Amino acid sequence: MGSLPAFPNDLSPKQGINGLIDERTLANLFKSQQNHLNFFFDRIDHSQTLAFTRTLLDASGTVFFTGIGKSGFVAHKISQTLVSLGIRSAFLSPVDALHGDIGILSDRDVLVLLSKSGATEELLRLVPCARAKGARLIAVTSVEASALSTVCDMNVHLPLERELCPFNLAPVTSTAIQMVFGDTVAIALMAARNLTKEEYAANHPAGKIGKSLIFKVRDVMKKEEELPICSESDLIMDQLVELTSKGCGCLLVIDSDHRLIGTFTDGDLRRTLKASGDAIFKLTVGKMCNRNPRTIGPDAMAVDAMKKMESPPSPVQFLPVIDDENVLIGIVTLHGLVSAGL
């Protein structure tokens, strides 16, 4: 067993909660936890872990995880990680399983039982019932030759030096080890299944990762009546309502065939007014517009549109969306991309 975390002689854990903890004590705790985790990393049996990983990979049914207390929370988290990778998995409460939920188990499934001690009563009671359903049982424990490991089809030992808790009671190191183990196996499964970035993103459509790999410009652009369009012969002062009412911060200047000629921004308006004074009343949009604006196609990724907006020499707030023949079909704005979660 490793030594207890170093608390100063005049500082008990309870006193620390009252605000007397110091930086040295905190640093010692982190160092102790690092040492305990290193104990695990140095001693884990990779052959056991490989057999475990291959069993999960080869499962034709659902991979269920179960546990009680803190191990139960970890079991639930690992299961959710596998689900996010496209692997059929679920958390099975051992208590609820004994009151009907075990009906979900079949002989095609794997049941992983997480327990630090391997002596958890609820899990031991669950084993014969799960075995009767034909599921493959795997114990993941930190005590060798535990009761749970001897009644399951497979056991994975997670070496534990001690808990960081000064009384060696609170499960703070054992759960960290369980989490590291489960998440590392999950990534191994991710690699073995050749999961692509696009497939991963498809499982996270509401998250930033998913949106950045799923959303295209056509999904987030404004179009048709939402577009602030005008012709190059229009007077600037006659287009102020169009410039300000569409919320794009610009005018999109088009010809009779709806091809993009250029853009005129509210910044251009301020600069033109400052330079021209009263002459602005006679200036046309075409005379003052930018005829070489940044543009983008509708099938480009939305995240690439954002990158293009932010690229040198200076950032812009919008991009006209054009087709292969330079026909204007929409506009994508920075505000729209941010509002979409990108």
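The chain as shown is numbered from 1 upward.
Backbone N, Cα and C define each Cβ position, glycine as well.
Remember, it's a predicted structure, so these values are computed and weren't measured experimentally.
The following features are taken from TrEMBL:
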type	residues	note
DOMAIN	52-195	domain 'SIS'
SITE	Lys70	site 'Catalytically relevant'
SITE	Glu122	site 'Catalytically relevant'
SITE	Glu163	site 'Catalytically relevant'
SITE	His204	site 'Catalytically relevant'
DOMAIN	221-280	domain 'CBS'
DOMAIN	289-342	domain 'CBS'
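Each residue in the domain 'CBS' (221-280) gets a DSSP state, and the totals come to 28 helix, 17 strand, 15 coil. Over all protein chains present, the Cβ of Glu122 (site 'Catalytically relevant') has 18 other Cβ atoms lying within 10 Å. Considering only the recorded sites Lys70, Glu163, the Cβ with the fewest other Cβ atoms within 10 Å is that of Lys70.
Per DSSP, the domain 'CBS' (289-342) is made up of 15 helix, 15 strand, 24 coil. Looking at Glu122 (site 'Catalytically relevant') and Lys70 (site 'Catalytically relevant'), their Cα atoms lie 14 Å from each other. A gap of 13 Å separates the Cα atoms of Lys70 (site 'Catalytically relevant') and Glu163 (site 'Catalytically relevant').
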